[in-house]
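Q: OK, TrEMBL features for this one:
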DISULFID  Cys58-Cys122  disulfide bond
DISULFID  Cys71-Cys132  disulfide bond
DISULFID  Cys102-Cys112  disulfide bond
DOMAIN    34-133  domain 'SRCR'
SIGNAL    1-16  signal peptide
Amino acid sequence: MIMYILWTLLFFHVSAQRWTLFDGESKPKRESRVRLVGDLPSSGRVEVYHDGQWGTVCDDGWELAEAQVVCRQLGFPGAISVTPGGQYGEGSGPIWLDDMNCKGSESSLSDCSFKGWGVTDCSHKEDAGVVCETGTNITSNRQFFLDNSLGLSDDLGLLFDSGDGCDFRINVQDTSEEEELTFCVHRMILMIYPELNITNDSRNLTVDVSQTCHPHVSAFLRYLYTRQIDVSITSAQCVHQLAFIFGVKKLMEDVGRAFSLLLPEDNTFRTQVSMYEYGVRTGDLVLQENVLQYLSWNCEFLISSPVWSTISFHMMDALLRRSDLVVNDEAFLLEGLETWIQDKGDEISSDQQASLLNHIRFLLIPVDKLYEMQFSSGVFHQNHEKLYLTGLLRGFQFNALPFSKIKNQMDNMSSEYLPRIYTGDDWSQFINDTTINYQYHNYYYGQNNRIQNFLTPAHPSALYREQKVYWQAQVFLSAQECSNNGISCTSFPVARFLANGNQNMYTSTIRYSNRLILSCKNENNVFHVQDFKNSMAVVSNNSSMGLPNPCPDDYSFRFVVRPEYI
C-alpha cells in the first residue's frame, strides 16, 4: 500500500539552523515564519510573520511554485494547488508580500523575489491560499521500548511523575501561540544535557512546538529522568524532534532507526526525499544513511520518477558518491544526471554541475555507449567539453589497455574502477518463481524454474568481451531441494550463485563481488541487497532485515555479477 507520511506530525519550522531554545526572558524568533489559517492544518490562507505581526500575501503572481515553498516550509511533502482570491476569508493587518516570484526550491517564502515588505497595491480580497499534500495517516499501532537506563533507578521516574521539589519550568508553546503546556521539572536533571545551557541561575525554558506533538512531551521529559520510553510509529516523529531540541543524540539515533520501517511504504519517493532533508536539517546521520541506502537500491526507479527533478544538490552529491546504486548501467546514471541538471536550470551553478559530473564513472560506461557519446552535441558536452573529453579518453584507455598498464593508477582513483550494481541484461539474471513444485521437487529438480544458467563477459573491459564466464543461479525453498543439490540448509530461502568453467583463469586480476537483489514483483521496489559468502546467500527473515519486507510472499530474486580489478 502506497502511503505518504504525514510530515505535519513534525514540528513545522525546522530550518537549516539548529533549533532555537529560549529562556524565560527572551521571545521566540518568529521572523519570516508562515502559517495557514483555515479549517484544516494542510490548507488555508497563507500568512507570514514580519516585524512583530502576522500579515497576508497578495495573490498577484501566486502560482504552484510559491505554494510548493510554503508547504515545504511548513513540513508538508509539497503542494496540491493554489487558492487565489480570498477563498479562505479575508485576513486583517498588513499585506506583507506581493508579486511573488519563486523558483520552487527556496527553503522559505521570504527567500523568493517580491516587491518588498508591505509594498503592495492589493486588498485583502486577494489574499492567497494553498492546499498542501498530507497523505494518509499512519495507522500502525506497532510499538517498541527504548531502554538506555543503564541501571538508573525507577524512582527517578516517580520523581518526575510527582513533581516533588521541582524547581524549573518548561513552557511548551504552540507555533500559533494558541496552546501552551507547562511542566515543572528538576534543574539538576536538565543540567545533564549540556545543549540546553541550563545554569544554576536558570528558572524556566520556552520551546516552540507544534500542537500535534504536545501529547508526547510528557513521555519525553520522563525519558530525561529514566532513559526509558515507549515509542510507536506515529509518535516517533515527535519524539525524534524533541530529542533534537534537547540534544539527546542517543535517543535521536534510536528513534531515527524507526523511520526506516516507513521507507518501503511510498513508491513515489516523496516521503523518502522529505525524510532525508529532515535528517540533514536535524543532523541525524543514521536517518540520512538509511534513506540514502534505500534510494540507492531503488535508484533506477527514482530516476524515472517525477521526484527526481526535485532532489537537492547535496542529496544528489551524496547519491552519486555511492557504489551501492542499483542502475541498468553507468550511462543510464549519466543520462539521469543530465536530465536533472537540465530541469534545475539556473539553480545549479556550472561549478556544481562539474562537481556532480566528476562522480560519473566514465571508465565503466559500456564502450559502445562511450563511442556514441563522442558525437553528442548536447549543451552539457558543450559547457563541460574538457570534462567529457577527459572522461571519454580515460574510458577508452580502460577498455583498450591491459590491467598491468593501469593498475598503478588505481590507488589514486580506486572509486572510478569500482562498479556500482549494474542490472543490465549482460550482468544479471531474474528468478521470479517462488513456489515449490511438489510433483517434481523430490525427484527431478532439474526442471525447477529456480535454477537458471546464463553467461557474462569476464569483465566490463572490452578486452574481455569475448571471454565468457558461465553462471548458475539457484534458489532453494526447502531442505529437500538443498539436499538434492548437495548442500545442507537450516533456513529458507537460500540463494546460491556458482561460476562454472574458466573463471579461475582470471583470479589473479579479477574478483567477483556479486549481489543478490530482492524486490517486490508487483511494485518493483527493492527492499534488500546482500552479498554472497562462499557463493551462498541466506535470505534474512523480516525481523532481521535492515528494512522490512513489504511483500513477504511475492518477491523476486535478481542475481548480479560484479567483476572488478583486484
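Each Cβ is built from the backbone N, Cα and C atoms, and glycine gets one as well.
Given the structure is predicted, the values throughout are model-derived calculations rather than measurements.
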Q: Mind checking how the domain 'SRCR' (34-133) divides into helix, strand and coil residues in DSSP?
A: 16 helix, 36 strand, 48 coil
Q: If we count other C-beta atoms within 10 Å, could you say which of the disulfide-bonded residues Cys71, Cys102, Cys122, Cys132 has the fewest?
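A: Lowest Cβ count within 10 Å among the disulfide-bonded residues (Cys71, Cys102, Cys122, Cys132) is Cys122.
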Q: Radius 10 Å, atoms counted are CB only; among the disulfide-bonded residues Cys58, Cys112, which position scores highest?
A: Cys58
Q: Can you tell me how far the Cα of Cys132 (disulfide bond) sits from the Cα of Cys112 (disulfide bond), in Å?
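A: Distance between the two Cα atoms comes out at 19 Å.
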Q: For the C-alpha pair, I'd like the distance in angstrom between Cys102 (disulfide bond) and Cys58 (disulfide bond), rounded off.
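A: Per the Cα atoms, Cys102 (disulfide bond) and Cys58 (disulfide bond) stand 14 Å apart.
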Q: For the C-alpha pair, I'd like the distance in angstrom between Cys71 (disulfide bond) and Cys112 (disulfide bond), rounded off.
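A: Distance (Cα to Cα, whole Å): 14 Å.
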Q: Any idea what the Cα distance is from Cys122 (disulfide bond) over to Cys112 (disulfide bond), rounded to a whole Å?
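A: Computed Cα spacing between Cys122 (disulfide bond) and Cys112 (disulfide bond) is 19 Å.
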Q: Do me a favour and check the Cα-Cα span between Cys58 (disulfide bond) and Cys112 (disulfide bond); whole Å is fine.
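A: Distance (Cα to Cα, whole Å): 14 Å.
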Q: For the domain 'SRCR' (34-133), report the average pLDDT of the model, please.
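A: Computed over the domain 'SRCR' (34-133), the mean pLDDT is 88 on the 0 to 100 scale.
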